[in-house]
Amino acid sequence: MAPILLNCMGNDHNDYIKQLVQVKNPNLDTMEEDILYHFSLGTKTHNLPEMFGDIKFACVGGSANRMKAFAQFIHKELELPGNPEEIIDICEGTDRYCMYKVGPVLSISHGMGVPSISIMLHELIKLLHHAQCRDVVLLRLGTSGGVGLAPGTVVVTDKAVDYSFRAQFEQVVLGKVITRSTELDEGVANELLQCSSELQNFPTVIGNTMCTHDFYEGQGRLDGALCSFSHEDKLEYLRKAYDAGVRNIEMESTVFAAMCRVCGLKAAVVCVALLNRFDGDQITSTHDVLVEYQQRPQVLVSHFIKKRLGLIV
């Protein structure tokens with residue numbers, strides 16, 4: 001197979017290839033060693049530039065099994081040598097996350113919720129920095145609850161918003177609240193939407209994604225162990241969300257968008273809606289249907305990656 005070449009998608013090629021992944025922490029410069037504890041990697045124990053220096057796409061998702069499946073899928077899509085069934089979990093020394101390297105693509109699990117993904121992102125961004133990676137795109141692939149959308153619809157996030165529909169993420173640092181913008185890269189989102197129109201396999205929309213702190217009360221579900229509101233209260237809140245441009249709900253997008261933006265990383269969130277929350281709270285689709293739904297973000301992101309690599313004209 002011919003070597004994969006990066007399609008810079010623009011005219012400023014020299015500027016494009018010079019964009020090293022940055023961290024926003026001067027303390028790292030004074031450290032003799034940086035241990036990426038939750039990855040079971042380190043700057044002294046591993047040659048990170050040799051292992052990861054060619055990475056151009058870091059794809060993250062909640063489920064370890066799903067991200068292994070994506071790694072095997074992208075291995076086949078890129079027609080790389082070797083058996084995709086034999087890919088190795090780089091993080092096998094820890095049970096926190098899984099990580100697979102497939103050519104210029106990393107596939108990593110992040111668990112559920114803001115705390116879990118934020119820990120992973122700190123170490124991922126540092127990893128890409130230590131590895132001297134250039135112009136990396138981060139993509140979150142996931143599942144979500146749709147807001148006014150048919151099940152199976154893929155949502156490319158415009159802005160990640162909080163419970164009040166604000167495009168911001170609040171982080172408590174030393175007892176003080178730090179507010180960071182959660183706007184994502186418009187160009188990458190538009191590229192993904194263009195890819196969906198080329199595929200024509202499933203409905204895809206661009207909309208705001210609301211990030212909540214939990215799956216039940218925070219998302220207005222009536223079926224949790226606790227519930228202090230009525231069915232009409234829930235519908236009123238969902239209507240307000242829809243009017244604010246929200247098209248899906250999940251639990252990771254705000255911190256993902258905020259951290260990528262602070263570090264100057266181009267990023268996108270691509271999630272499939274498993275149900276329309278106006279119609280109910282429980283996910284009732286069959287296993288086979290859900291598996292096919294969960295593959296849709298993978299198919300879209302794979303097409304995006306292949307276009308970026310010049311494998312699709």
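Each residue's number is its place along the chain shown, starting with 1.
Cβ atoms here come from the backbone N, Cα and C positions, even for glycine.
TrEMBL lists 56-306 with the feature domain 'Nucleoside phosphorylase'.
Annotated disulfide bond per TrEMBL: Cys91-Cys98, in sequence order.
The Cβ of Arg140 (phosphate binding site) lies under 8 Å from the Cβ of Cys59, Val60, Gly61, His110, Glu252, Ser253, Phe256, Ala267, Ala268, Val269, Val270, Cys271, each of these being in the same chain and 6 or more residues away along the sequence. Summarising the annotation, TrEMBL assigns phosphate binding site to Arg96, Arg140, Leu141, Gly142, Thr143.
Sequence-distant contacts of Gln219 (substrate binding site), defined as residues of its own chain at least six apart whose C-beta falls under 8 angstroms from its C-beta, comprise Gly145, Thr212, Ile249, Arg277. Residues or ranges marked as substrate binding site by TrEMBL: Gln219, Arg221.
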Across all protein chains shown, the one of the recorded positions Cys91, Cys98, Leu141 with the most other Cβ atoms within 10 Å of its Cβ is Leu141
Model confidence for the domain 'Nucleoside phosphorylase' (56-306), as mean pLDDT, reads 97
So Arg221 (substrate binding site), by the Cβ count within 10 Å over all chains shown, scores 19
Record-annotated phosphate contacts Arg96, Arg140, Leu141, Gly142, Thr143; largest Cα to Cα distance in whole Å is 20
